[in-house]
Structure formats: C-alpha cells, structure tokens
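Undergrad: Have a look at the structure that comes next, please.
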C-alpha cells in the first residue's frame with residue numbers, strides 16, 4: 001500500500017490548497033516578530049523627565065507655572081550644586097508648601113546658598129513631558145528602576161520557554177490547529193490586558209502569558225505548514241522566516257505613527273483575533289491525525305486537498321491505517337532514547353542556543369547606523385532579507401547540512417575578525433560585523449527547517465518546541481553575557497561568539513542530510529536516516545511499511 005507522502009503527491013504537494021494555507025499562516029510570522037521585538041518601542045527612553053520636589057505640583061498649580069517653568073525652578077539649581085546633574089535621578093532635599101513664593105521659590109531657603117542646598121536620591125514622583133509614550137514613563141522604569149525594563153524582556157523570553165514546553169506538548173497530544181487557535185486567542189486577550197495594566201506587576205504577569213501563547217502560535221503554524229506539503233516543498237518553512245523579517249521592517253512604521261505605548265501594544269496584539277477565522281479554512285494536520293488513530297478524518301482532509309488542487313484521489317484510497325508505532329504522550333526521554341535521536345537532539349539544542357545567543361548579541365552590539373531609532377530598526381530588518389534569499393538559492397541545490405555548517409562558521413570567523421579590526425576604520429568593522437549577522441541569521445533560519453525534518457510525526461511538535469526552548473534561554477542570557485564581558489574588554493563577547501559559532505558549524509555537519517527526503521513518521525525512520533543521502537535514499541524505497549493509506 002502507498003505511503004502518506006505518495007498520496008500527498010497525488011493530491012498535490014504544493015497546490016492551490018497548500019498555497020492558501022501557507023499564505024494565511026505566514027501572517028503569524030509578522031505578528032510574532034511584533035511581539036518578539038516590540039520592547040524596543042514599548043520601552044523607548046523618554047526624551048525629557050525630572051524628579052519633582054514634594055509639594056511642587058500644588059505650588060505649580062497655584063502659581064500657574066508651565067512644566068518648563070517648574071523644571072527650571074527644580075533642575076537649574078542642581079547644576080549649581082552638581083554641574084553634571086540633570087535632575088533625573090536626584091532632587092533638592094526640600095519641601096515646597098504654601099509659604100513658598102511663586103516668583104522665587106528658593107528664596108525661602110535664605111540661610112543656604114542655592115549651590116549648597118542638600119540633595120537626595122529620587123525614588124518616585126518623576127515628571128515626563130510625554131507621560132504615556134512608553135512603559136518607562138508609565139511605570140517609572142528609570143534610575144534605580146531601569147533594570148526592570150530588561151526584566152520585562154526576560155519575562156517575555158521565559159514565557160516563550162514555558163510555551164515551548166507546555167504548548168508544544170499540547171499540540172502533539174490535542175492537535176496542531178486547536179492549540180494554534182487557542183494560542184492566537186490567548187495572545188490577543190493578554191495583549192489587551194498588558195495595554196491597560198494598572199501596575200507593573202500585572203504588566204509582567206500578562207507579558208509572560210503573552211509570551212507563552214505567542215510561542216504556541218509561532219511553533220504550531222510552522223509545523224502545520226511543513227506537514228501538509230511534500231518533501232520537495234518544505235523550504236516554505238524558510239519563507240515563513242521572511243515574513244518574520246517583514247514584521248521587523250513594518251514595526252517601526254507602526255511605532256512612528258502611533259504616539260503611545262498602549263496604542264502600539266494594541267496595534268500589534270489585536271490582529272491575532274483575525275487568525276481565529278482560520279478555524280474555517282485551515283484543517284488539522286493529516287499527518288498528526290494518522291498518529292492519533294483518526295484515519296477517517298485524515299482521509300477526508302486528503303480528499304479535500306485533492307479537490308482544491310484540481311486533483312483526484314484513486315478510489316482504492318478508501319481506508320487509512322495509522323503508523324504501527326505505539327502512540328504515547330511524548331516526553332524528553334523519547335527524544336534521547338535511541339542513538340541517532342539522541343545525537344540529533346543534543347546537536348539541535350546547542351544549535352538553537354548558539355544561534356539565539358549570537359544573533360541577539362550581534363544585534364545589540366552592532367547598533368546599525370545610529371541616530372534615528374525608527375530608521376535604524378528598519379535597516380536592521382532589511383539586513384536579514386539577503387540571508388533568506390541565500391537560503392532559498394542554495395538549500396535545495398546543495399542540501400541543508402552544508403549551508404547550515406558554513407553559515408555558522410562564517411559567522412564565527414566574522415566575529416573573530418571584527419574583534420581585532422582597528423577602530424579607525426569603522427566602515428570595515430561594520431561591514432564584517434554585518435557579514436557575521438548575515439551568517440548567524442542564515443543559521444537561525446535553517447535550524448527551524450532541519451529541526452522539523454529530523455523528528456518523527458509522533459514527536460515533531462514536542463521535539464521542535466523543546467529544542468527551540470534553548471533559543472529562549474539564549475535570548476535571556478545574551479544581554480547579560482554581552483554587557484558583562486564587554487566591561488572587561490569591549491571585543492571579548494565577539495571572541496566568545498566566534499568560538500560558539502565555529503563549534504556549532506562543525507557539530508551540525510554530523511547531522512543527516514534531509515534534502516528531498518520524506519518526513520519521518522516513526523522513530524525507526526529517524527534511526528535509518530544516514531549522514532549520506534544516497535544510503536538514505538535506498539532505504540526509503542523499501543521501508544514504507546509503517547504509515548499507509
């Protein structure tokens with residue numbers, strides 16, 4: 001009896017039906033990139049703020065001062081006391097009451113010269129010219145509280161990490177499309193609550209939950225797309241990455257047009273509700289249905305795919321039998337129980353961790369162009385487009401392993417060269433660093449595709465989610481590693497990045513080549529994968545005895 005992939009080939013491997021589903025699910029890449037990078041605009045540093053003296057608000061109202069006049073009375077004396085003080089993190093240690101003069105409020109303290117008035121650290125009561133422009137001004141994340149902005153991004157990454165485990169497991173047990181839709185609903189609801197959070201604690205709680213559900217939408221849509229196309233079309237997974245990059249390019253335009261952080265948060269969260277309409281147009285993965293003993297539903301979906309693609313399934317495709325492999329709830333032990341599954345899992349976990357760590361480290365370090373935040377962010381997204389194009393050109397011609405390994409090695413060498421280039425030729429330093437950014441971006445995008453192709457259907461979503469959780473761990477560590485090592489020597493992080501990348505490049509060459517190979521259905525299929533395409537190709541012809549139609 002023919003295999004699932006043979007039936008898919010007859011129904012159409014990438015026909016009108018798959019193209020429609022592919023285009024719809026690709027939109028998830030845009031909204032996920034919004035969530036992933038939005039902190040840059042949600043947490044924009046306010047242009048002008050200062051610490052208000054107790055009683056100043058009442059006095060300002062009584063005297064009819066403008067904010068600028070109040071600032072002059074508050075901040076200018078600090079320059080006499082401390083020439084470097086801007087009044088942002090300290091204030092005069094005085095209290096203004098009803099006895100204070102509107103014309104000269106500091107004249108009340110005639111026994112002190114203005115330059116000798118005592119100072120104290122500011123702990124609250126900051127004044128912002130644009131009080132709702134960012135979460136920094138909304139929740140006073142300045143001075144001693146500045147670290148809380150980093151905490152908000154770390155919490156989001158922890159949400160991604162939790163989502164990788166919980167929703168990855170749930171998608172393998174309860175279905176891809178169900179978890180995808182629930183995740184979209186969760187991202188939208190949590191995003192609205194984040195926008196109207198009454199305090200920073202509530203903001204963090206629902207930012208975490210938004211990360212959990214956001215990871216569910218991203219990983220599940222990726223798996224659905226790759227499971228409904230043929231082996232020669234799985235490169236569509238790389239195209240999804242282009243939509244992620246498009247999100248990075250679009251986001252600064254949204255932030256430029258929307259003046260408040262609440263508006264930005266709503267603009268990037270509300271589109272997730274539109275994805276709920278996919279309930280009527282995106283089916284469950286027939287591969288997953290086969291593993292859950294739901295052959296009739298899988299057959300119905302295959303006939304629907306064939307119909308939309310203008311194809312016709314032969315009448316003898318009247319019954320679907322599932323894989324002979326016993327279906328159980330997936331666990332980490334399933335990923336390391338057999339030799340090649342264990343090797344693949346450990347290498348992929350390291351590749352995810354390294355890609356995220358270096359990618360985010362280079363983004364933070366490069367600081368493209370400098371000056372205009374919106375333009376800089378747009379350029380940083382545009383830099384990633386050539387990486388996806390290079391993958392599309394090479395991956396189906398020479399395979400997965402070689403571009404995967406070379407891109408990591410190129411990134412590592414570029415980091416090493418950048419570290420030792422002199423500062424007096426900044427154009428060359430920036431160019432080589434950009435080459436490293438391209439290399440690690442390619443590696444980051446290829447690891448998605450390879451990860452999916454190296455796990456059987458019964459473990460695919462869980463395996464991808466668990467391995468990619470190391471990406472979130474890398475994202476949490478990256479800023480701390482970068483800034484702590486840079487304090488020792490500015491170029492030291494690049495040395496660490498280069499070592500990690502080169503080691504990763506060598507390790508991924510140990511993975512089997514998956515170009516043109518059908519997705520494995522069982523652990524046995526994975527164990528038969530060879531590092532050499534030829535061996536694998538011969539075995540595949542005789543091993544279609546597990547998942548049949």
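Including glycine, each Cβ sits where the backbone N, Cα and C put it.
Sequence annotations record features per position, and here TrEMBL assigns domain 'Major facilitator superfamily (MFS) profile' to 110-516. Positions annotated as transmembrane segment by TrEMBL: 21-42, 154-171, 178-198, 204-225, 237-258, 264-282, 347-368, 374-395, 402-421, 427-450, 462-486, 492-511.
Surface or core, plus neighbours and distances: that's what I need for these features.
TA: Note on the domain 'Major facilitator superfamily (MFS) profile' (110-516): mean pLDDT across this stretch is 83.
Sequence-distant contacts of the transmembrane segment (21-42), counting only residues of its own chain at least 6 positions beyond either end whose CB sits under 8 Å from a CB of the stretch, comprise 14, 134-135, 149, 152-153, 156, 184, 187, 210-211, 214, 217-218, 221, 224-225, 228-229, 236, 239-248, 250-252, 254-255, 261, 264-265, 268, 271-272, 275, 278, 281-283, 373, 377.
Sequence-remote contacts of a segment are chain residues at least 6 beyond its ends whose Cβ falls under 8 Å from one of its Cβ atoms, and for the transmembrane segment (264-282) they are 20-21, 24-25, 27-28, 31, 34-35, 38, 41-42, 177, 180-181, 184-185, 187-188, 190-192, 194-195, 210, 217, 224, 251, 254-255, 258.
Only residues 6 or more beyond the boundaries of the transmembrane segment (402-421), in the same chain, are considered here, and those with a CB under 8 A from a CB of the stretch are 351, 354, 358, 362, 390-391, 394-395, 428-429, 432-433, 435-440, 442-443, 446-447, 450, 491-492, 494-495, 497-502, 504-506, 508-509, 511.
If one looks beyond the transmembrane segment (492-511) by at least 6 residues along the same chain, the residues whose Cβ comes under 8 Å of a Cβ in the stretch are 343-344, 347-348, 350-351, 354-355, 357-358, 361-362, 365, 400-402, 404-409, 411-416, 418-419, 436, 439-440, 443, 450, 454, 481-482, 485-486, 531.
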Undergrad: Quick one: find which recorded stretch in 204-225, 237-258, 462-486 has the most Cβ pairs under 8 Å with the transmembrane segment (154-171).
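TA: Counting Cβ pairs under 8 Å, the winner is 204-225.
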